[in-house]
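Everything below concerns the one structure shown next.
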Amino acid sequence: MDGEGGSSGLAKSAAVKLSEMGERTKQLGTAMRDPHQQRRIILVIVCVALLLDNMLYMVIVPIIPDYLADLELEQSEHVHVVMHSNTSANSTSQDKSNKDNLDIQIGILFASKAILQLLVNPLSGTFIDRVGYDIPLLIGLTVMFVSTCIFAFGENYATLFMARSLQGLGSAFADTSGIAMIADKYTEEGERSRALGIALAFISFGSLVAPPFGGVLYEFVGKRVPFIVLACICLADGLMLLTVIKPFSNRTRENMPVGTPIYRLMIDPYIAVVAGALTVCNIPLAFLEPTIANWMETTMHSSQWEMGLTWLPAFFPHVLGVYITVKLAAQHPNLQWFYGAVGMVIIGASSCTVPACKTFGQLIAPLCGICFGIALVDTALLPTLAFLVDVRHVSVYGSVYAIADISYSVAYAMGPIVAGQIVHSLGFVQLNLGMGLVNVLYAPALLLLRNVCQMKPSYSERDNLLDEAPQGLYDTIKMEERRAKKKGYSSAGNCLSVDENGFDPFRAQRSLSEESSGPECT
């Protein structure tokens, strides 16, 4: 009897647990159907993807030079012959030639990701506009997973080069679709700036924590472990994407509007100014990463741990810059261009002071200044790209964020190849002064964006055109249907004239000055 009672008790407890699990699953399903909960989960998925991509980009910095040097040494030992005493000079010159060749190989390997990303982005942006954001993000994560596994087990230069290039292909899809998905899901300007700021913080964390992460694991457990860890995280993120978004079961993409072609976005003067600023502000970081370690070793006699931790302290001012810009943008959204210009001036001043540093402690300050300035520029201008597309083109964001990714890729493709040549030809001081001067001189170009805020609808275009809560990309379909019925409607709230591409602030200023008694936008 006792046995029967015990078994029946166990059965009851198991049934209770199963019912609780079913209830939790049902609650999770209900939460997933809530747009606000779903977009938070999507933000987490995108942030993890961006974190992974930037960790994969930077984790090889402490690993590859040493690993390739060991491979070079092993190969030279296999073909080594007994050297005669009179060939010592030839041996010395051969060693120097091998070192120069190794530096070139490292530079090409580092740049290959950004170069392929630069080439693929125009195609990936158009593809994202046509099929939506979820499938390209899944493609990107899959390619990144494969490239990371190849990196873990690759044992020669050709294999590592292929893995690095594959990572650029994955990044062209994952980065662009991820940022575009955030801009699509967070439609209100304040929320969009905050969400993109969180994504930028993950990008910064991935870039700055990856070198010490990779260096420590490589030192103690070997080359494969850092990449295996990152591959597992990538796999988990992909599975979460499949579970949450279910990209292959989403049929609404069949009714998606056609986005503005990427070539038309590229010739938009406002988008071109933003893209130029994103390239210029990232040049100091992209050019210093492959050159600063050698400079520290020759001028400061820095230790390996100091060179490995060079950029880690800069993570904190970068996050601070993101936080400050998000708060300021919420209070004064019409000054986004000013925050970007201030960031470029800070980057320029900090870059110019780098060569004056004599100790590791002194060097931390200008590097923190560079990352703080980059945070101001990125956080202010990335939401501006989405806003420009909203008011001047069609609210589909794949191509415009492909342009942003191209801007970053230009800087990081040139950095590993061009920076070393400039240091060799002109010197490290001239490199930093040139980068600082370019940033300071470009900052006034952002004045072109000072009237962008006037393109904003009177309160919210969605409040005027939609009855439902905003749903991102698919609002555009409904807007187009309503606009077809209201041919004469101005998206600026009947305040100012709108041309076929959107609102022209310069023409608006002239019309306002001529008709000062006309209606004003609020």
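Glycine too: its Cβ is placed from the backbone N, Cα and C atoms.
The annotation transmembrane segment is assigned in TrEMBL to 41-64 (among others). Same-chain neighbours of the transmembrane segment (41-64): 32, 106, 109-110, 113, 137, 140-141, 144, 147-148, 151, 160, 164, 167, 170-171, 174-175, 178-179, 181-182, 185, 195, 198-199, 202-215, 218, 223, 226-227, 230, 233-234, 237, 240-241, 244-245, 289, 308, 412, counting only residues six or more beyond its ends whose CB sits under 8 Å from a CB of the stretch.
The domain 'Major facilitator superfamily (MFS) profile' annotation in TrEMBL covers 42-522.
The transmembrane segment feature in TrEMBL is assigned to 135-154 (among others).
The transmembrane segment annotation in TrEMBL covers 195-213 (among others).
Look at TrEMBL and you will find 225-245 (among others) tagged as transmembrane segment. Distant neighbours of the transmembrane segment (225-245): 32, 38, 41-42, 44-45, 48-49, 52, 55-56, 59, 63, 134, 137-138, 141-142, 144-145, 148-149, 151-152, 213-214, 217-218; these residues of the same chain sit at least 6 beyond its ends, with a Cβ under 8 Å from one of its Cβ atoms.
Look at TrEMBL and you will find 265-288 (among others) tagged as transmembrane segment. Under 8 Å from some Cβ of the transmembrane segment (265-288) lie the Cβ atoms of residues 340, 343-344, 347, 350-351, 354, 367, 370-371, 373-374, 377-378, 381, 384-385, 388-389, 392-393, 399-400, 403-404, 406-408, 410-412, 414-415, 418-419, 422, 431-432, 435-436, 438-439, 442, 445-446, 448-449, 452, 501, all in the same chain and six or more residues away from its ends.
According to TrEMBL, the feature transmembrane segment maps to 308-326 (among others).
Taking Cβ pairs closer than 8 Å, the transmembrane segment (338-357) reaches residues 277, 280-281, 284, 288, 292, 300, 321, 325, 328-329, 363, 365-370, 372-377, 379-381, 428-429, 432-433, 435-440, 442-444, 446-447, 449-450 in its own chain, all 6 or more past its ends. The feature transmembrane segment is assigned by TrEMBL to 338-357 (among others).
According to TrEMBL, the feature transmembrane segment maps to 363-388 (among others).
Here TrEMBL flags 400-423 (among others) as transmembrane segment. With a cut-off of 8 Å between Cβ atoms, the residues of this chain six or more beyond the transmembrane segment (400-423) that come close are 57, 103, 106-108, 110-111, 113-115, 117-118, 121-122, 124-126, 128, 171-172, 175-176, 179-180, 183, 262, 265-266, 271, 274-276, 278-280, 282-283, 285-291, 294-295, 382, 385-386, 388-389, 393, 430-431, 434.
Under the heading transmembrane segment, TrEMBL lists 429-449 (among others).
Under the criterion of 3 or more C-beta pairs below 8 Å, with sequence separation of 6 or more, the transmembrane segment (363-388) and the transmembrane segment (195-213) qualify as touching. When each of the listed stretches 135-154, 195-213, 429-449 is scored by C-beta pairs under 8 angstroms to the transmembrane segment (308-326), 195-213 comes out highest.
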